[in-house]
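> The structure under discussion is supplied below as C-alpha cells; questions concerning it will follow.
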Amino acid sequence: MTQVFQGRSFLAEKDFSREEFEYLIDFSAHLKDLKKRGVPHHYLEGKNIALLFEKTSTRTRAAFTTAAIDLGAHPEYLGANDIQLGKKESTEDTAKVLGRMFDGIEFRGFSQRMVEELAEFSGVPVWNGLTDEWHPTQMLADYLTIKENFGKLEGITLVYCGDGRNNVANSLLVAGTLMGVNVHIFSPKELFPAEEIVKLAEEYAKESGAHVLVTDNVDEAVKGADVFYTDVWVSMGEEDKFKERVELLQPYQVNMELIKKANNDNLIFLHCLPAFHDTNTVYGKDVAEKFGVKEMEVTDEVFRSKYARHFDQAENRMHTIKAVMAATLGNLFIPKV
C-alpha cells in the first residue's frame, strides 16, 4: 500500500491537501507529548541528514538539529561557505552528490527554484527551511500553536500586520485558508501580497469556508481577531530598505492600542522571530539612532504581555520539523489521511 508521506519533499504548503497538513500538525502534537514524557522515538535511526544554509538561522538550524538527533539521525550542517550551489557547481550536480551521501536534505536560502531543484535531482526527501517565497515549516509551528490555544483551527481569524509580500505572509495566507482559518493581511497598499497568492488563498477559502481580507484599514483588519501575527519589517537581503520600511510600516505596528481594538481578551500574539521590540540588538540600536524608533514591528509591552505565545511557537518549530522528517523518511505506516 502506498504511504502518504514516505519519500515526499516538503517545499510549499500548496503541495499538500488539507487532511495531510492537519495530519502533520496532529502528528507534531503527538511527538511533542512523547518528548515531554521522555519516550524515545528513534524513527530515523542510522539516517544522515544534510542541513544546507545559505541564510543564517537560530530557530531553523536548532530545530532541525535537535529534531534529527531526537529521531536517532545524524545532522550535518553545511553553511554558505561550505556549499557551491550555483557558484562553482550547479544545483543539479550538488543535489546528485548529496543524494548519494545523505538520506534527507534541508535547505534554507533565497531561491524557491533552488530547493525545488534539490528535490528534483537528489532522489531523497528535501525540506524547505525557508525561501524568499515560502516558509512551510514555520506554518506547521504557527498553526500547531494556534490549535494548542484554541482547540481548533477552523473559524479562527488571524491578522497579519506588516509586509504583506514576504514569505511568512504568503505562507500564512495559503496554509491558513487551506485549513479553514480566516486570514486578514493588514498592510500598506505598496506591500500588499502578490495577486496570484491572494487568488490561490481565495480558492482554498471557497473550499474550506474561510475568508481572505487584504486591507490597509485598521478597523476592517482587526474585526473578529483571535490571533495577531507580525514579522520583521525588513527581510534578509533588504537591509538597504530600512528607512523606507520604518516610515511606511510604523502605522502597522502591533501595539497595545491595536490589541485592544480587537476587543478579545483571549486573543494571542505570534511572531516567527527574531523580533525588534527594543534596542538590545545591533539592528535595534542602529534604527533607534538613525530614525528615532526604539520599537519596530511590535512594542516591548505586547512582546512581554499575557497575549504573547512566540516562545511556545519557537519551541514548536522543533516538534513540527520532527514530524515532517519522520513522516517523509521514517517508513511509518501512514496509508491514508
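FYI, residue positions are counted from 1 along the chain as it appears here.
Each Cβ is built from the backbone N, Cα and C atoms, and glycine gets one as well.
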> Look at the carbamoyl phosphate binding annotation in Swiss-Prot, where S57, T58, R59, T60, Q84, H135, P136, T137, Q138, C272, L273, R317 are given, and name the residue from R108, R165, R245 listed for that site too.
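Matched candidate out of R108, R165, R245, per Swiss-Prot for carbamoyl phosphate with S57, T58, R59, T60, Q84, H135, P136, T137, Q138, C272, L273, R317: R108.
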> Mind giving me a neighbour count for T137 (carbamoyl phosphate binding site)? Other Cβ atoms within 10 Å of its Cβ, every protein chain shown.
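Taking all protein chains shown, T137 (carbamoyl phosphate binding site) has 27 Cβ neighbours within 10 Å.
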> Near N167 (L-ornithine binding site), meaning Cα within 10 Å, which of Q84, H135, T137, R317 (binding-site residues)?
H135
> How many Å separate the Cα atoms of Q84 (carbamoyl phosphate binding site) and D231 (L-ornithine binding site)?
30
> Counting other CB atoms within 10 A of each CB, which of the binding-site residues S57, Q84, N167, S235 comes out lowest?
Q84
> What kind of secondary structure is R317 (carbamoyl phosphate binding site) part of, going by DSSP in three states?
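In the DSSP reduction, R317 (carbamoyl phosphate binding site) maps to helix.
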> Given the binding-site residues R59, H135, R317, which one has the fewest other C-beta atoms within 10 angstroms of its C-beta?
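Counting other Cβ atoms within 10 Å of each of the binding-site residues R59, H135, R317, the minimum falls on R59.
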